[in-house]
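> Quick paste of what TrEMBL says about this protein:
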| type | residues | note |
| --- | --- | --- |
| TRANSMEM | A:25-51 | transmembrane segment |
| TRANSMEM | A:63-84 | transmembrane segment |
| TRANSMEM | A:114-137 | transmembrane segment |
| TRANSMEM | A:149-170 | transmembrane segment |
| TRANSMEM | A:182-204 | transmembrane segment |
| TRANSMEM | A:210-229 | transmembrane segment |
| TRANSMEM | A:284-301 | transmembrane segment |
| TRANSMEM | A:340-362 | transmembrane segment |
| TRANSMEM | A:374-395 | transmembrane segment |
| TRANSMEM | A:407-426 | transmembrane segment |
| TRANSMEM | A:447-466 | transmembrane segment |
Amino acid sequence: MKEKLTPVWLLAQRELRDQFRDWRILFPLIVLTLLFPPLMNAGAGAAVSFMNNYGGDLILDRLVPFSILIIGFFPVTVSLVVALESFVGEKERGTIEPLLGTPFLDWQLYLGKLLVGIFFPLAASYLAIGLYLFMVSKQDLALPPVHQLVQLLTLTAAHAVLMVSGAIAISTQSTSVRAANLLASFIVMPVAFLIQGESVLLFWGNDQVLWLAVIAVLILAALLIRVGLAHFQREYLLGREIDSFKFKWIWQTFKGAFIGESYSPFKWYQVQVVGMLRKLKRPLLLIVVITIFGSIASYQWTTSMIPADFSAVTQEDIDEALDQFQFAAGLPSDDVDISFGFIFLHNIQAVLMMLFFGLFSFGVLGELAFSVNIGVLGGLMAVLNALGLPVWTLFTAGILPHGIFEIPAIIFAGAGILYFGAIMVTPDPTKTMGEVFIHAVADWFKIGVGVIFPLLLIAALIETFITPKILLSIMQ
Amino acid sequence: MIHIENLSKKFNDFLAVDNVTLDVKPGQILALLGQNGAGKTTTIRMLTGLLRPTQGRAEVAGYDVEKESTQVRASVGVLTEHHGLYLRMTAVEYLDFFGKVYRLSDDARMKRINHLLEYFGLVEASHRRIGEYSKGMKQKLALARSLIHEPPALLLDEPTSAMDPESARLVRDEIASLRSSQRAIVICTHNLAEAEALADQIAIIYRGRILIRGKLAELKERVLGPAEYEVSFSKKWDNKSLKPPAGVEIVARGSRSIRFRSEQPQKNNPLLLKILSMKEAPVLTLQEVPRSLEQVYLKTMSDAGGALLQ
């Protein structure tokens, strides 16, 4: 193993030496590392005196950890610059070909570049945090507890890994540094949202949830590394010269993957859809397991959250809770006319949202959206049970008639997203990353058009015309 | 050493290299000539394992370029069209990095670096940043990099492109001195004089296809026909009545010279001289009419429908 890792370190060492000699990297790093902590410290000091005048101890407690999060993040942004130009920059300078012509293995090249992108900015980031903590210790402010500090340092490292792995994946797929910089918005914006979300969690003060956020960011970073490695091709780095958006090519590639060799709808269904269903065996099994355990867990959790003395709950509380539930589940408000078209389009929208979120997160956020759907179902059952209503009767009469079609449709959609994620992280030397992406989307749409949409159509018809009648007859 | 068999490379619908077959033995230098975009660099990149062939196969130093690309990369020295040097490093640091990449021991690496720096006359500049080097020095350093691991196969893509004549001459001399019985060298170039001076074998590639290949003399014979000789006279001499011996065909007659083709020059040329002497012709010189690789190249390209002579 050591022998295999030596080239990785060798490459990283060379690049680090190069970076130490590049003022364009050194200057912002030094400024962000040395200038930002005193600025933040002064800002926090002013905020503390303000809070001391008006109270607000809770916010005060969170101010130092929040500052650490921000101070740690700024030097890490430099990692984006380093990583974005790692491959494509060398290509532009003409230095990539001699490097690719050496016996380095693909993963060694990739990992070497990854290490360099992370190491230097992260070291600067930790230095800045250390400097800030030193300043805080010299004032009357309380230092954050060790476990929180560990959490924040891990989170900072996770940000660096996430940004660098994303930037390197972009760098291997771009044909110019300019194109890579333009594509960087796909990293900067999500990470900015992520920092906002993490700040909210920090101020909320729920450590457990913040740890989950750390794990989620690390999983996403690991997936990004895997995707980058899976689709890293020396040939691709040298082959393409111009970035252009070819609608015709995209459409033809999609059409080719979607239709295949089929010459009739029947043949298409038989070959493409049934073929895809066969490929979905494992994801389906996994999703069914998630569905069963997810709904049970959600049922248990909701039940545990409902106060024991449920009779004390007023109708107003119930209405408010139902409103919140409706909003959280993305259900329509009461004044919307629930027609067949509405139900069908709403369900289509739900599965397409799952696909949309899955596309940008290798299936992770898509599965999260799926889990929310399942969680809502389990939660609803728990609430109905707490209200003293006959859960199983209501389930059998109010959900099952259309659920027989709707739930499998959602399960298929979830399995499709899982399959998409798996395809994206699997190496395929015969295709470019773009081709793999288009083929994987086409695979999802085979299931969508062939199975999910028809099932949702039937489900919407039943939900509109049959379920209400069954439910009414039971209620009466 | 380098064996290419029906090698093809397609980029989407574009056939960059079409069914190329070549063979370069140890001790030989092959010059691959062709227009820009003819497929030279693509061929070199396939030989270094950087591009996967669409069809056919190639072996470099006994390794299959597709199946054993890592071993191939370890066995070739490549000089790319752009030198590809890290400008913030010094020559010693640069060669040391590549020496480590090729897993040379510390001792062997230092010996090799010192030897190469001396060989290419870079000792004095060895601790200066490469960014401060002249074009010729950079190209020599790039050549030193490609030789650091003493590769059995050397692939040189436009080694003197965009260089001033003096620097180009220096690099050309270095390449000539690299010829050894253990090493096969392929040079891609536009510089026909360079190819003529260095190569044992010439191959002309056009739109991905090898149009012609062989030793220079063979190519001249094949493309331009048999060699022509010229006898020049010191003064005007009427040669209309001159009858050449069998096997000699006079192709042009002038008052001060005649030009002829000879089937067996060793036998027929002295015969012709004898006849001229008998006729008291004022013979001044007899020499082969010089024919350059440029003529071979232009004629070949013209025949192939290339734009050069159209």
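The backbone N, Cα and C atoms fix where each Cβ goes, and this holds for glycine too.
These numbers come from a predicted model, not from an experiment.
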> In the same chain, who gets a Cβ under 8 Å from the transmembrane segment (A:210-229) while lying at least 6 residues past its ends?
106-107, 110, 114, 151, 154-155, 158-159, 161-162, 165-166, 168-169, 172, 194, 197-198, 201-202, 361-362, 364, 421, 424-425, 427, 433
> Should the transmembrane segment (A:182-204) and the transmembrane segment (A:63-84) be scored as in contact, given a threshold of at least 3 Cβ pairs under 8 Å and pairs 6 or more apart?
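Answer yes: the transmembrane segment (A:182-204) meets the transmembrane segment (A:63-84) with 3 or more Cβ pairs below 8 Å.
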> Any contact between the transmembrane segment (A:284-301) and the transmembrane segment (A:407-426), i.e. 3 or more CB pairs below 8 Å with pairs at least 6 residues apart?
yes
> For the transmembrane segment (A:114-137), which partner among A:63-84, A:149-170, A:340-362, A:407-426, A:447-466 gives the most CB pairs under 8 Å?
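Out of the listed stretches, A:63-84 contacts the transmembrane segment (A:114-137) most.
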> At a C-beta cut-off of under 8 Å, are there same-chain residues at least 6 beyond the transmembrane segment (A:149-170) that contact it? List them, or none.
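The answer is 65, 68-69, 72-73, 76-77, 79-80, 82-84, 86-87, 110, 113-114, 117-118, 121-122, 125-126, 129, 143, 180, 183-184, 186-187, 191, 194-195, 198, 207, 210-211, 213-214, 217-218, 220-221, 224-225, 227-228, 231, 433.
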> In terms of Cβ proximity under 8 Å, which residues at least six beyond the ends of the transmembrane segment (A:340-362) contact it?
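Contacts of the transmembrane segment (A:340-362) (Cβ under 8 Å, skipping residues fewer than 6 from its ends): 190, 220, 223-224, 227, 330, 332, 368-370, 373, 406, 409-410, 413-414, 416-417, 420-421, 424-425, 441, 444, 448, 452-453, 456-457, 459-461, 463-465.
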